[in-house]
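Take a look at the structure below.
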(Lines of atoms letter the chains of each structure in order from A and count residues from 1; the text may use other names and numbers.)
(Lines give C-alpha, C1' and ligand atoms only; values in the text may rest on other atoms or scores of the structure.)
Protein backbone atom coordinates (compact mmCIF):
# COMPACT_ATOMS: atom_id res chain seq x y z
CA UNK A 1 0.00 0.00 0.00
CA UNK A 2 1.31 3.40 -0.86
CA UNK A 3 1.86 5.72 2.00
CA UNK A 4 -0.14 8.90 2.01
CA UNK A 5 1.31 11.49 4.33
CA UNK A 6 -1.46 13.93 4.98
CA UNK A 7 0.18 15.85 7.76
CA UNK A 8 3.65 17.22 7.89
CA UNK A 9 4.75 19.66 10.48
CA UNK A 10 5.73 22.93 8.96
CA UNK A 11 7.00 25.99 10.70
CA UNK A 12 6.95 24.21 14.07
CA UNK A 13 9.89 21.93 13.34
CA UNK A 14 11.06 21.82 16.95
CA UNK A 15 7.70 21.45 18.63
CA UNK A 16 5.78 18.26 19.04
CA UNK A 17 6.55 14.67 18.24
CA UNK A 18 8.84 13.42 15.51
CA UNK A 19 9.36 9.70 15.73
CA UNK A 20 10.48 6.84 13.56
CA UNK A 21 9.87 3.75 15.63
CA UNK A 22 11.63 0.58 14.57
CA UNK A 23 11.35 -2.39 16.88
CA UNK A 24 12.64 -5.71 15.60
CA UNK A 25 11.61 -8.82 17.45
CA UNK A 26 12.67 -11.48 14.97
CA UNK A 27 9.25 -12.68 13.85
CA UNK A 28 7.70 -9.24 14.20
CA UNK A 29 8.96 -5.90 12.97
CA UNK A 30 7.40 -2.57 13.78
CA UNK A 31 8.35 0.28 11.47
CA UNK A 32 6.20 3.34 11.98
CA UNK A 33 6.79 7.04 11.40
CA UNK A 34 4.78 9.38 13.56
CA UNK A 35 4.74 13.14 13.60
CA UNK A 36 2.39 15.40 15.50
CA UNK A 37 2.21 19.03 16.51
CA UNK A 38 1.33 20.18 20.04
CA UNK A 39 -2.42 19.94 20.49
CA UNK A 40 -2.77 17.08 18.02
CA UNK A 41 -4.59 13.93 19.03
CA UNK A 42 -3.39 11.00 16.93
CA UNK A 43 -5.09 7.63 17.06
CA UNK A 44 -3.20 4.47 16.19
CA UNK A 45 -5.83 2.14 14.84
CA UNK A 46 -5.29 -1.46 13.85
CA UNK A 47 -6.25 -5.08 14.39
CA UNK A 48 -4.92 -7.09 17.32
CA UNK A 49 -1.24 -7.85 16.98
CA UNK A 50 -0.65 -5.02 14.51
CA UNK A 51 1.94 -3.43 16.77
CA UNK A 52 -0.06 -0.52 18.18
CA UNK A 53 0.76 -1.25 21.79
CA UNK A 54 4.42 -1.92 20.93
CA UNK A 55 4.55 1.51 19.30
CA UNK A 56 3.06 3.08 22.42
CA UNK A 57 5.48 1.25 24.71
CA UNK A 58 8.36 2.37 22.52
CA UNK A 59 7.21 5.99 22.86
CA UNK A 60 7.05 5.55 26.64
CA UNK A 61 10.51 3.97 26.75
CA UNK A 62 9.26 0.62 28.03
CA UNK A 63 10.47 -1.02 24.80
CA UNK A 64 13.87 -0.23 23.31
CA UNK A 65 14.05 1.05 19.75
CA UNK A 66 16.07 -1.23 17.48
CA UNK A 67 16.55 1.69 15.14
CA UNK A 68 14.99 4.99 14.16
CA UNK A 69 14.64 8.07 16.31
CA UNK A 70 12.35 9.75 18.79
CA UNK A 71 12.29 13.51 19.27
CA UNK A 72 9.89 15.39 21.48
CA UNK A 73 9.93 19.19 21.39
CA UNK A 74 13.34 18.97 19.79
CA UNK A 75 14.89 16.74 22.50
CA UNK A 76 16.27 13.32 21.58
CA UNK A 77 14.60 10.69 23.74
CA UNK A 78 15.78 7.40 22.16
CA UNK A 79 18.19 6.65 24.99
CA UNK A 80 16.27 8.33 27.80
CA UNK A 81 14.89 5.92 30.42
CA UNK A 82 11.10 6.00 30.88
CA UNK A 83 11.26 7.81 34.23
CA UNK A 84 13.09 10.76 32.66
CA UNK A 85 10.78 11.17 29.66
CA UNK A 86 8.12 13.90 29.79
CA UNK A 87 5.58 11.26 28.84
CA UNK A 88 2.38 10.26 30.62
CA UNK A 89 0.70 6.91 30.06
CA UNK A 90 -2.88 5.80 30.63
CA UNK A 91 -2.68 2.00 30.59
CA UNK A 92 -5.40 -0.20 29.21
CA UNK A 93 -6.45 -1.57 32.61
CA UNK A 94 -5.26 1.67 34.26
CA UNK A 95 -2.79 -0.03 36.64
CA UNK A 96 -3.81 2.22 39.50
CA UNK A 97 -1.67 1.29 42.50
CA UNK A 98 -4.07 -0.79 44.58
CA UNK A 99 -2.48 0.13 47.92
CA UNK A 100 -2.76 3.90 47.40
CA UNK A 101 -5.83 6.14 47.50
CA UNK A 102 -6.98 7.94 44.37
CA UNK A 103 -5.31 11.09 45.74
CA UNK A 104 -1.96 9.37 46.32
CA UNK A 105 -2.15 7.64 42.94
CA UNK A 106 -2.45 11.01 41.24
CA UNK A 107 0.13 12.56 43.57
CA UNK A 108 2.64 9.77 42.84
CA UNK A 109 4.04 11.47 39.73
CA UNK A 110 4.52 14.96 41.22
CA UNK A 111 6.10 13.32 44.29
CA UNK A 112 8.60 11.48 42.09
CA UNK A 113 9.37 14.76 40.34
CA UNK A 114 10.48 16.24 43.63
CA UNK A 115 7.37 17.87 45.06
CA UNK A 116 6.89 17.57 48.82
CA UNK A 117 4.12 15.36 50.13
CA UNK A 118 1.88 18.37 50.78
CA UNK A 119 2.56 19.93 47.37
CA UNK A 120 1.93 16.70 45.49
CA UNK A 121 -1.30 16.17 47.38
CA UNK A 122 -2.41 19.70 46.52
CA UNK A 123 -1.64 19.08 42.83
CA UNK A 124 -3.45 15.74 42.95
CA UNK A 125 -6.49 17.25 44.66
CA UNK A 126 -6.68 19.90 41.94
CA UNK A 127 -6.58 17.25 39.19
CA UNK A 128 -9.20 15.09 40.87
CA UNK A 129 -11.37 18.15 41.24
CA UNK A 130 -10.99 18.93 37.55
CA UNK A 131 -12.03 15.34 36.76
CA UNK A 132 -15.08 15.70 39.01
CA UNK A 133 -13.68 13.16 41.46
CA UNK A 134 -13.02 15.37 44.49
CA UNK A 135 -15.26 13.29 46.74
CA UNK A 136 -13.43 10.07 45.80
CA UNK A 137 -9.95 11.35 46.73
CA UNK A 138 -9.69 9.03 49.72
CA UNK A 139 -10.97 5.92 47.94
CA UNK A 140 -8.74 2.97 47.10
CA UNK A 141 -8.91 1.92 43.41
CA UNK A 142 -10.98 -1.20 44.11
CA UNK A 143 -13.78 0.99 45.43
CA UNK A 144 -13.93 3.06 42.25
CA UNK A 145 -16.22 2.28 39.33
CA UNK A 146 -14.70 1.62 35.91
CA UNK A 147 -15.40 5.14 34.71
CA UNK A 148 -14.00 6.72 37.89
CA UNK A 149 -10.87 4.56 37.73
CA UNK A 150 -10.36 5.63 34.13
CA UNK A 151 -10.57 9.30 35.09
CA UNK A 152 -8.15 8.78 37.99
CA UNK A 153 -5.75 7.14 35.52
CA UNK A 154 -6.04 10.11 33.16
CA UNK A 155 -5.53 12.53 36.07
CA UNK A 156 -2.49 10.54 37.23
CA UNK A 157 -0.94 10.68 33.76
CA UNK A 158 -1.65 14.42 33.36
CA UNK A 159 -0.45 15.39 36.85
CA UNK A 160 3.19 15.06 35.73
CA UNK A 161 2.54 17.73 33.04
CA UNK A 162 3.69 15.47 30.20
CA UNK A 163 4.59 16.78 26.75
CA UNK A 164 3.31 13.53 25.27
CA UNK A 165 0.25 11.73 26.58
CA UNK A 166 -0.18 8.08 25.62
CA UNK A 167 -3.46 6.24 26.03
CA UNK A 168 -3.64 2.49 25.48
CA UNK A 169 -7.22 1.41 24.65
CA UNK A 170 -8.51 4.00 27.14
CA UNK A 171 -12.15 2.92 26.85
CA UNK A 172 -11.81 -0.81 26.25
CA UNK A 173 -12.37 -1.83 29.86
CA UNK A 174 -15.68 0.04 30.17
CA UNK A 175 -19.21 -1.19 29.59
CA UNK A 176 -21.22 0.35 26.78
CA UNK A 177 -23.14 2.91 28.85
CA UNK A 178 -20.17 4.19 30.84
CA UNK A 179 -18.18 4.29 27.64
CA UNK A 180 -20.42 6.92 26.12
CA UNK A 181 -19.98 9.30 29.08
CA UNK A 182 -16.30 8.67 29.55
CA UNK A 183 -15.63 9.06 25.84
CA UNK A 184 -17.27 12.50 25.88
CA UNK A 185 -15.28 13.55 28.96
CA UNK A 186 -12.04 12.21 27.56
CA UNK A 187 -12.68 14.11 24.35
CA UNK A 188 -13.01 17.30 26.38
CA UNK A 189 -9.81 16.66 28.34
CA UNK A 190 -7.89 15.81 25.19
CA UNK A 191 -9.16 18.99 23.52
CA UNK A 192 -7.84 21.01 26.48
CA UNK A 193 -4.50 19.19 26.49
CA UNK A 194 -1.90 21.47 24.95
CA UNK A 195 0.76 18.87 24.08
CA UNK A 196 0.73 15.80 21.81
CA UNK A 197 -1.63 12.94 22.60
CA UNK A 198 -1.35 9.50 21.00
CA UNK A 199 -4.01 6.92 21.64
CA UNK A 200 -4.17 3.31 20.65
CA UNK A 201 -7.48 1.68 19.89
CA UNK A 202 -9.07 -1.01 17.81
CA UNK A 203 -12.45 0.72 17.98
CA UNK A 204 -13.02 3.01 14.97
CA UNK A 205 -15.69 5.00 16.81
CA UNK A 206 -13.33 5.84 19.69
CA UNK A 207 -10.67 6.79 17.19
CA UNK A 208 -12.97 9.01 15.16
CA UNK A 209 -14.52 10.77 18.14
CA UNK A 210 -11.29 11.36 20.04
CA UNK A 211 -8.63 11.93 17.39
CA UNK A 212 -7.89 14.62 14.81
CA UNK A 213 -5.87 12.20 12.78
CA UNK A 214 -5.88 8.43 12.37
CA UNK A 215 -2.87 6.29 11.66
CA UNK A 216 -3.84 2.78 10.65
CA UNK A 217 -1.28 0.08 11.37
CA UNK A 218 -1.33 -3.45 10.03
CA UNK A 219 1.43 -5.98 10.60
CA UNK A 220 3.81 -3.40 12.01
CA UNK A 221 3.52 -0.83 9.21
CA UNK A 222 1.35 2.16 8.48
CA UNK A 223 -1.19 1.32 5.78
CA UNK A 224 -3.07 4.60 5.79
CA UNK A 225 -3.25 7.85 7.67
CA UNK A 226 -5.43 10.92 7.47
CA UNK A 227 -8.39 12.66 9.03
CA UNK A 228 -11.23 10.43 10.24
CA UNK A 229 -13.51 11.74 7.47
CA UNK A 230 -10.92 11.06 4.78
CA UNK A 231 -10.28 7.54 6.00
CA UNK A 232 -13.98 6.78 6.32
CA UNK A 233 -14.54 7.90 2.72
CA UNK A 234 -11.44 6.48 1.12
CA UNK A 235 -10.41 3.23 2.80
CA UNK A 236 -7.33 1.66 1.27
CA UNK A 237 -7.27 -1.79 2.88
CA UNK A 238 -9.86 -4.47 3.54
CA UNK A 239 -9.36 -4.03 7.28
CA UNK A 240 -10.20 -0.32 7.14
CA UNK A 241 -13.09 -0.89 4.72
CA UNK A 242 -14.53 -3.38 7.17
CA UNK A 243 -14.04 -0.95 10.07
CA UNK A 244 -15.87 1.86 8.32
CA UNK A 245 -18.44 -0.53 6.84
CA UNK A 246 -17.76 -0.30 3.10
CA UNK A 247 -17.33 -2.82 0.31
CA UNK A 248 -13.91 -2.12 -1.16
CA UNK A 249 -12.34 -3.30 -4.43
CA UNK A 250 -9.16 -2.51 -6.29
CA UNK A 251 -8.93 -2.41 -10.07
CA UNK A 252 -8.00 -0.51 -13.24
CA UNK A 253 -10.23 2.34 -14.33
CA UNK A 254 -10.90 3.35 -17.90
CA UNK A 255 -13.37 6.20 -17.74
CA UNK A 256 -16.47 5.08 -15.88
CA UNK A 257 -15.67 1.38 -15.89
CA UNK A 258 -13.36 -0.26 -13.42
CA UNK A 259 -12.09 -3.75 -14.17
CA UNK A 260 -11.21 -5.50 -10.92
CA UNK A 261 -8.03 -7.52 -10.60
CA UNK A 262 -10.27 -10.58 -10.08
CA UNK A 263 -12.29 -10.06 -13.28
CA UNK A 264 -15.65 -8.39 -12.61
CA UNK A 265 -16.41 -4.91 -13.91
CA UNK A 266 -17.96 -2.09 -11.87
CA UNK A 267 -19.48 1.02 -13.42
CA UNK A 268 -18.77 4.12 -11.36
CA UNK A 269 -19.66 7.80 -11.26
CA UNK A 270 -16.13 9.16 -11.36
CA UNK A 271 -14.17 9.40 -14.59
CA UNK A 272 -10.70 8.06 -13.77
CA UNK A 273 -7.78 6.33 -15.41
CA UNK A 274 -5.34 3.76 -14.00
CA UNK A 275 -5.22 2.03 -10.61
CA UNK A 276 -8.22 2.89 -8.45
CA UNK A 277 -10.23 1.81 -5.44
CA UNK A 278 -14.00 1.44 -5.68
CA UNK A 279 -16.10 1.58 -2.51
CA UNK A 280 -19.82 1.41 -1.81
CA UNK A 281 -21.86 0.85 1.36
CA UNK A 282 -23.70 -2.45 1.95
CA UNK A 283 -26.95 -0.48 2.07
CA UNK A 284 -26.46 0.46 -1.62
CA UNK A 285 -26.81 -3.18 -2.65
CA UNK A 286 -30.21 -4.48 -3.80
CA UNK A 287 -30.86 -8.23 -3.99
CA UNK A 288 -33.22 -10.18 -6.30
CA UNK A 289 -34.03 -13.88 -6.34
CA UNK A 290 -34.66 -13.80 -10.15
CA UNK A 291 -32.57 -11.94 -12.63
CA UNK A 292 -34.10 -8.45 -12.82
CA UNK A 293 -35.43 -7.82 -16.35
CA UNK A 294 -35.70 -4.09 -16.24
CA UNK A 295 -32.03 -3.89 -15.35
CA UNK A 296 -31.53 -0.20 -14.99
CA UNK A 297 -28.57 -1.03 -12.83
CA UNK A 298 -25.49 -1.69 -14.88
CA UNK A 299 -23.77 -3.38 -11.99
CA UNK A 300 -25.33 -6.83 -11.79
CA UNK A 301 -23.70 -9.89 -10.30
CA UNK A 302 -24.78 -13.44 -9.59
CA UNK A 303 -23.89 -14.38 -6.00
CA UNK A 304 -24.41 -17.02 -3.35
CA UNK A 305 -25.41 -16.27 0.25
CA UNK A 306 -22.52 -17.26 2.51
CA UNK A 307 -23.88 -15.94 5.79
CA UNK A 308 -26.55 -13.87 7.48
CA UNK A 309 -26.38 -11.91 10.70
CA UNK A 310 -28.34 -9.18 12.39
CA UNK A 311 -26.64 -5.82 12.26
CA UNK A 312 -28.60 -3.29 14.26
CA UNK A 313 -32.14 -3.35 12.82
CA UNK A 314 -30.81 -4.65 9.51
CA UNK A 315 -29.75 -8.03 8.20
CA UNK A 316 -26.18 -8.15 6.97
CA UNK A 317 -25.85 -10.63 4.09
CA UNK A 318 -22.42 -11.94 3.16
CA UNK A 319 -22.25 -12.89 -0.48
CA UNK A 320 -19.67 -14.87 -2.42
CA UNK A 321 -19.46 -15.53 -6.14
CA UNK A 322 -18.43 -13.26 -9.00
CA UNK A 323 -17.98 -10.39 -6.56
CA UNK A 324 -17.72 -11.01 -2.81
CA UNK A 325 -19.73 -8.31 -1.08
CA UNK A 326 -21.78 -7.40 1.97
CA UNK A 327 -25.37 -6.22 1.59
CA UNK A 328 -27.70 -4.73 4.20
CA UNK A 329 -31.42 -5.54 3.98
CA UNK A 330 -34.38 -4.88 6.19
CA UNK A 331 -35.66 -7.92 8.04
CA UNK A 332 -38.82 -7.84 5.93
CA UNK A 333 -36.89 -7.77 2.68
CA UNK A 334 -34.70 -10.66 3.83
CA UNK A 335 -37.80 -12.70 4.71
CA UNK A 336 -39.52 -11.95 1.39
CA UNK A 337 -36.43 -13.06 -0.50
CA UNK A 338 -36.37 -16.27 1.56
CA UNK A 339 -32.64 -15.88 2.11
CA UNK A 340 -30.68 -18.74 3.60
CA UNK A 341 -27.15 -19.97 3.38
CA UNK A 342 -26.45 -21.25 -0.13
CA UNK A 343 -29.31 -19.32 -1.78
CA UNK A 344 -28.48 -17.88 -5.19
CA UNK A 345 -29.28 -14.20 -5.69
CA UNK A 346 -28.68 -11.32 -8.08
CA UNK A 347 -27.03 -8.25 -6.57
CA UNK A 348 -27.16 -4.78 -8.12
CA UNK A 349 -25.61 -1.46 -7.18
CA UNK A 350 -26.39 1.85 -8.80
CA UNK A 351 -23.35 3.55 -10.28
CA UNK A 352 -24.29 6.74 -8.45
CA UNK A 353 -23.83 5.01 -5.13
CA UNK A 354 -20.30 3.85 -5.82
CA UNK A 355 -17.29 5.97 -5.16
CA UNK A 356 -13.92 5.52 -6.82
CA UNK A 357 -10.60 7.18 -6.05
CA UNK A 358 -7.02 6.74 -7.21
CA UNK A 359 -5.05 3.96 -5.53
CA UNK B 1 -8.41 -29.48 59.26
CA UNK B 2 -11.44 -28.79 57.20
CA UNK B 3 -11.00 -30.93 54.16
CA UNK B 4 -11.80 -34.39 55.49
CA UNK B 5 -15.33 -35.50 56.05
CA UNK B 6 -13.72 -38.03 58.34
CA UNK B 7 -16.65 -38.69 60.62
CA UNK B 8 -18.99 -39.08 57.69
CA UNK B 9 -16.66 -41.35 55.77
CA UNK B 10 -15.76 -43.39 58.83
CA UNK B 11 -19.42 -43.95 59.61
CA UNK B 12 -19.90 -45.18 56.06
CA UNK B 13 -16.97 -47.55 56.46
CA UNK B 14 -18.54 -49.12 59.51
CA UNK B 15 -21.81 -49.75 57.75
CA UNK B 16 -20.10 -51.88 55.10
CA UNK B 17 -21.88 -52.92 51.89
CA UNK B 18 -23.67 -49.90 50.48
CA UNK B 19 -20.73 -47.67 51.33
CA UNK B 20 -18.54 -48.71 48.41
CA UNK B 21 -21.32 -48.19 45.96
CA UNK B 22 -22.14 -44.75 47.24
CA UNK B 23 -18.49 -43.72 47.11
CA UNK B 24 -18.23 -44.70 43.47
CA UNK B 25 -21.57 -43.24 42.49
CA UNK B 26 -21.40 -39.83 44.10
CA UNK B 27 -17.68 -39.27 43.99
CA UNK B 28 -18.02 -37.18 47.12
CA UNK B 29 -16.78 -39.71 49.67
CA UNK B 30 -13.18 -40.80 50.08
CA UNK B 31 -12.27 -44.08 48.30
CA UNK B 32 -11.00 -46.74 50.67
CA UNK B 33 -7.49 -47.07 49.15
CA UNK B 34 -7.02 -43.38 49.88
CA UNK B 35 -8.88 -43.18 53.16
CA UNK B 36 -6.90 -45.86 55.03
CA UNK B 37 -3.41 -44.48 54.28
CA UNK B 38 -4.74 -40.99 54.93
CA UNK B 39 -5.93 -41.94 58.41
CA UNK B 40 -2.70 -43.80 59.16
CA UNK B 41 -0.74 -40.78 57.98
CA UNK B 42 -2.80 -38.47 60.13
CA UNK B 43 -2.26 -40.69 63.17
CA UNK B 44 1.45 -40.90 62.40
CA UNK B 45 1.73 -37.12 62.40
CA UNK B 46 -0.42 -36.50 65.45
CA UNK B 47 0.60 -39.41 67.72
CA UNK B 48 4.04 -38.02 68.72
CA UNK B 49 2.49 -34.69 69.60
CA UNK B 50 -0.18 -36.41 71.68
CA UNK B 51 2.51 -38.48 73.40
CA UNK B 52 4.34 -35.28 74.25
CA UNK B 53 1.22 -33.93 75.92
CA UNK B 54 0.42 -37.24 77.67
CA UNK B 55 3.87 -37.62 79.20
CA UNK B 56 4.37 -33.97 80.04
CA UNK B 57 5.38 -33.51 83.69
CA UNK B 58 2.50 -31.13 84.27
CA UNK B 59 3.11 -30.93 88.04
CA UNK B 60 6.77 -29.98 87.85
CA UNK B 61 6.24 -27.91 84.70
CA UNK B 62 6.09 -24.47 86.36
CA UNK B 63 9.42 -25.00 88.14
CA UNK B 64 10.99 -26.49 85.01
CA UNK B 65 10.00 -23.54 82.89
CA UNK B 66 11.20 -20.94 85.36
CA UNK B 67 14.71 -22.35 85.61
CA UNK B 68 17.49 -20.08 84.40
CA UNK B 69 18.68 -22.54 81.74
CA UNK B 70 15.29 -22.67 80.08
CA UNK B 71 14.88 -18.90 80.12
CA UNK B 72 18.38 -18.37 78.78
CA UNK B 73 17.84 -20.88 75.98
CA UNK B 74 14.40 -19.47 75.13
CA UNK B 75 15.63 -15.87 75.10
CA UNK B 76 18.63 -16.80 72.98
CA UNK B 77 16.44 -18.77 70.57
CA UNK B 78 13.91 -15.99 70.15
CA UNK B 79 16.64 -13.37 69.77
CA UNK B 80 18.76 -15.31 67.29
CA UNK B 81 15.80 -16.50 65.21
CA UNK B 82 14.54 -12.91 64.99
CA UNK B 83 17.99 -11.58 64.13
CA UNK B 84 18.45 -14.30 61.49
CA UNK B 85 15.07 -13.36 60.01
CA UNK B 86 16.09 -9.70 59.93
CA UNK B 87 19.32 -10.60 58.12
CA UNK B 88 17.31 -12.76 55.71
CA UNK B 89 14.91 -9.89 55.00
CA UNK B 90 17.63 -7.31 54.39
CA UNK B 91 19.58 -9.58 52.04
CA UNK B 92 16.91 -11.97 50.82
CA UNK B 93 14.24 -9.57 49.52
CA UNK B 94 16.67 -7.81 47.14
CA UNK B 95 18.03 -11.20 46.08
CA UNK B 96 14.50 -12.40 45.35
CA UNK B 97 13.82 -9.24 43.32
CA UNK B 98 16.97 -9.75 41.24
CA UNK B 99 16.04 -13.39 40.61
CA UNK B 100 12.45 -12.54 39.68
CA UNK B 101 12.81 -9.30 37.74
CA UNK B 102 16.08 -9.35 35.85
CA UNK B 103 17.41 -11.44 33.01
CA UNK B 104 21.04 -12.45 32.94
CA UNK B 105 22.95 -15.52 31.82
CA UNK B 106 23.12 -18.19 34.49
CA UNK B 107 20.09 -16.88 36.38
CA UNK B 108 18.52 -20.34 36.55
CA UNK B 109 21.74 -21.82 37.87
CA UNK B 110 22.05 -19.08 40.50
CA UNK B 111 18.48 -19.71 41.58
CA UNK B 112 19.29 -23.40 42.02
CA UNK B 113 22.33 -22.48 44.14
CA UNK B 114 20.19 -20.25 46.35
CA UNK B 115 17.84 -23.12 47.05
CA UNK B 116 20.69 -25.52 47.82
CA UNK B 117 20.69 -24.82 51.60
CA UNK B 118 17.03 -25.96 51.54
CA UNK B 119 18.07 -29.51 50.74
CA UNK B 120 21.59 -29.52 52.18
CA UNK B 121 21.89 -31.42 55.48
CA UNK B 122 22.26 -28.62 58.06
CA UNK B 123 25.37 -30.26 59.55
CA UNK B 124 27.07 -29.93 56.17
CA UNK B 125 26.02 -26.29 56.16
CA UNK B 126 27.68 -25.89 59.57
CA UNK B 127 30.91 -27.47 58.33
CA UNK B 128 30.84 -25.26 55.23
CA UNK B 129 30.31 -22.18 57.40
CA UNK B 130 33.30 -23.17 59.55
CA UNK B 131 35.46 -23.51 56.45
CA UNK B 132 34.30 -20.11 55.19
CA UNK B 133 34.00 -18.06 58.38
CA UNK B 134 35.96 -20.08 60.96
CA UNK B 135 39.11 -18.56 62.47
CA UNK B 136 41.15 -20.26 59.76
CA UNK B 137 38.37 -20.10 57.16
CA UNK B 138 38.60 -18.69 53.67
CA UNK B 139 37.11 -15.37 54.76
CA UNK B 140 37.20 -15.89 58.52
CA UNK B 141 40.98 -15.55 58.78
CA UNK B 142 40.78 -12.03 57.37
CA UNK B 143 37.85 -11.12 59.59
CA UNK B 144 39.97 -12.29 62.52
CA UNK B 145 43.27 -10.63 61.64
CA UNK B 146 41.86 -7.36 60.19
CA UNK B 147 38.84 -6.64 62.32
CA UNK B 148 39.30 -9.01 65.26
CA UNK B 149 35.91 -10.52 64.48
CA UNK B 150 35.40 -14.14 65.43
CA UNK B 151 32.13 -15.74 64.45
CA UNK B 152 32.31 -19.43 65.45
CA UNK B 153 31.11 -20.30 68.95
CA UNK B 154 29.53 -16.87 69.47
CA UNK B 155 25.94 -15.69 69.56
CA UNK B 156 26.60 -13.90 66.25
CA UNK B 157 27.70 -17.29 64.95
CA UNK B 158 24.30 -18.69 65.93
CA UNK B 159 22.60 -15.92 63.94
CA UNK B 160 24.87 -16.59 60.95
CA UNK B 161 24.17 -20.33 61.01
CA UNK B 162 20.42 -19.80 61.33
CA UNK B 163 20.33 -17.17 58.60
CA UNK B 164 22.26 -19.47 56.26
CA UNK B 165 19.64 -22.18 56.69
CA UNK B 166 16.56 -19.95 56.86
CA UNK B 167 17.16 -17.33 54.16
CA UNK B 168 16.41 -19.61 51.19
CA UNK B 169 12.87 -20.11 52.53
CA UNK B 170 12.34 -16.37 52.45
CA UNK B 171 13.95 -15.92 49.03
CA UNK B 172 11.84 -18.64 47.44
CA UNK B 173 8.64 -17.35 49.02
CA UNK B 174 9.26 -13.72 48.05
CA UNK B 175 10.42 -14.63 44.57
CA UNK B 176 7.22 -16.59 44.00
CA UNK B 177 5.12 -13.63 45.16
CA UNK B 178 7.09 -11.28 42.91
CA UNK B 179 6.58 -13.53 39.90
CA UNK B 180 2.85 -13.61 40.58
CA UNK B 181 2.70 -9.81 40.99
CA UNK B 182 2.06 -7.79 37.85
CA UNK B 183 5.38 -6.22 36.76
CA UNK B 184 3.45 -3.59 34.83
CA UNK B 185 2.79 -1.71 38.09
CA UNK B 186 6.53 -1.05 38.15
CA UNK B 187 6.31 0.14 34.56
CA UNK B 188 3.43 2.44 35.45
CA UNK B 189 5.51 3.87 38.30
CA UNK B 190 8.42 4.41 35.92
CA UNK B 191 6.28 6.34 33.45
CA UNK B 192 5.32 8.58 36.39
CA UNK B 193 8.96 9.43 36.99
CA UNK B 194 9.96 6.81 39.55
CA UNK B 195 13.39 5.22 39.23
CA UNK B 196 13.40 1.43 39.37
CA UNK B 197 14.39 1.58 43.04
CA UNK B 198 11.65 4.08 43.90
CA UNK B 199 9.17 1.91 41.98
CA UNK B 200 10.32 -1.08 44.02
CA UNK B 201 10.15 0.76 47.32
CA UNK B 202 6.86 2.60 46.85
CA UNK B 203 4.89 0.21 44.65
CA UNK B 204 6.27 -3.33 44.56
CA UNK B 205 7.19 -3.64 48.22
CA UNK B 206 3.70 -2.74 49.51
CA UNK B 207 2.13 -5.05 46.92
CA UNK B 208 4.22 -8.08 47.91
CA UNK B 209 4.12 -7.37 51.66
CA UNK B 210 1.91 -10.42 52.40
CA UNK B 211 4.38 -12.70 50.61
CA UNK B 212 7.28 -11.14 52.49
CA UNK B 213 5.48 -11.65 55.78
CA UNK B 214 4.77 -15.30 54.99
CA UNK B 215 8.38 -15.84 53.93
CA UNK B 216 9.62 -14.16 57.10
CA UNK B 217 7.48 -16.39 59.29
CA UNK B 218 8.72 -19.49 57.45
CA UNK B 219 12.31 -18.34 57.83
CA UNK B 220 11.78 -17.50 61.50
CA UNK B 221 10.28 -20.91 62.25
CA UNK B 222 13.09 -22.63 60.40
CA UNK B 223 15.68 -20.59 62.31
CA UNK B 224 13.99 -21.34 65.63
CA UNK B 225 14.24 -25.08 65.06
CA UNK B 226 17.74 -24.99 63.59
CA UNK B 227 20.02 -27.58 65.18
CA UNK B 228 22.68 -29.09 62.91
CA UNK B 229 24.34 -25.99 61.49
CA UNK B 230 24.16 -24.20 64.83
CA UNK B 231 25.80 -26.92 66.91
CA UNK B 232 28.48 -27.42 64.24
CA UNK B 233 29.31 -23.78 63.67
CA UNK B 234 28.47 -22.17 67.00
CA UNK B 235 28.80 -25.01 69.50
CA UNK B 236 26.67 -25.57 72.57
CA UNK B 237 27.52 -23.04 75.28
CA UNK B 238 24.67 -22.29 77.69
CA UNK B 239 23.73 -18.63 77.62
CA UNK B 240 25.84 -17.92 74.55
CA UNK B 241 25.08 -20.40 71.79
CA UNK B 242 22.77 -22.94 73.40
CA UNK B 243 19.42 -22.44 71.70
CA UNK B 244 16.24 -24.32 72.61
CA UNK B 245 16.74 -27.27 70.25
CA UNK B 246 20.28 -27.77 71.59
CA UNK B 247 19.02 -27.48 75.16
CA UNK B 248 16.32 -30.07 74.46
CA UNK B 249 18.84 -32.50 73.02
CA UNK B 250 21.24 -32.02 75.95
CA UNK B 251 18.51 -32.27 78.55
CA UNK B 252 17.25 -35.52 77.08
CA UNK B 253 20.54 -37.19 78.11
CA UNK B 254 20.33 -36.40 81.83
CA UNK B 255 16.96 -34.77 82.62
CA UNK B 256 14.17 -36.09 80.34
CA UNK B 257 11.48 -34.12 82.18
CA UNK B 258 13.27 -30.86 81.36
CA UNK B 259 13.54 -31.96 77.72
CA UNK B 260 9.78 -32.53 77.58
CA UNK B 261 9.13 -29.15 79.18
CA UNK B 262 11.38 -27.41 76.66
CA UNK B 263 9.72 -29.29 73.81
CA UNK B 264 6.31 -28.14 75.01
CA UNK B 265 7.50 -24.56 74.85
CA UNK B 266 8.66 -25.01 71.25
CA UNK B 267 5.39 -26.74 70.40
CA UNK B 268 3.49 -23.78 71.82
CA UNK B 269 5.57 -21.36 69.78
CA UNK B 270 4.97 -23.41 66.62
CA UNK B 271 1.23 -23.48 67.21
CA UNK B 272 1.29 -19.73 67.73
CA UNK B 273 3.06 -19.32 64.37
CA UNK B 274 0.51 -21.55 62.63
CA UNK B 275 -2.31 -19.59 64.20
CA UNK B 276 -0.72 -16.42 62.86
CA UNK B 277 -0.64 -17.88 59.38
CA UNK B 278 -4.04 -19.52 59.43
CA UNK B 279 -5.55 -16.99 57.03
CA UNK B 280 -2.90 -17.88 54.48
CA UNK B 281 -2.62 -21.62 54.66
CA UNK B 282 -5.36 -23.20 56.67
CA UNK B 283 -8.23 -21.67 54.76
CA UNK B 284 -6.95 -22.59 51.29
CA UNK B 285 -9.33 -25.19 49.95
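Glycine is treated like the rest: Cβ placed from N, Cα and C.
In TrEMBL, annotation is done automatically, which means it is predicted and not curated.
For B:1-22, the entry in TrEMBL reads region 'Disordered'.
Taken from TrEMBL, the feature transmembrane segment applies to B:29-54 (among others).
Here TrEMBL flags B:74-100 (among others) as transmembrane segment.
Under the heading domain 'ABC transmembrane type-1', TrEMBL lists B:74-275.
Residues or ranges marked as transmembrane segment by TrEMBL: B:112-134 (among others).
Taken from TrEMBL, the feature transmembrane segment covers B:146-174 (among others).
According to TrEMBL, the feature transmembrane segment maps to B:203-221 (among others).
If you look up TrEMBL, you'll see B:258-277 (among others) marked as transmembrane segment.
Pairs of Cβ atoms less than 8 Å apart link the transmembrane segment (B:203-221) most often to B:74-100, out of B:29-54, B:74-100, B:112-134, B:258-277. Where the transmembrane segment (B:74-100) meets the stretches B:29-54, B:112-134, B:146-174, the count of C-beta pairs under 8 angstroms peaks at B:146-174. Sequence-distant contacts of the transmembrane segment (B:258-277), counting only residues of its own chain at least 6 positions beyond either end whose CB sits under 8 Å from a CB of the stretch, comprise 49, 52-53, 55-57, 60-61, 64-65, 67, 69-70, 73-74, 214, 217, 220-221, 224-225, 244-245, 247-249, 251-252.
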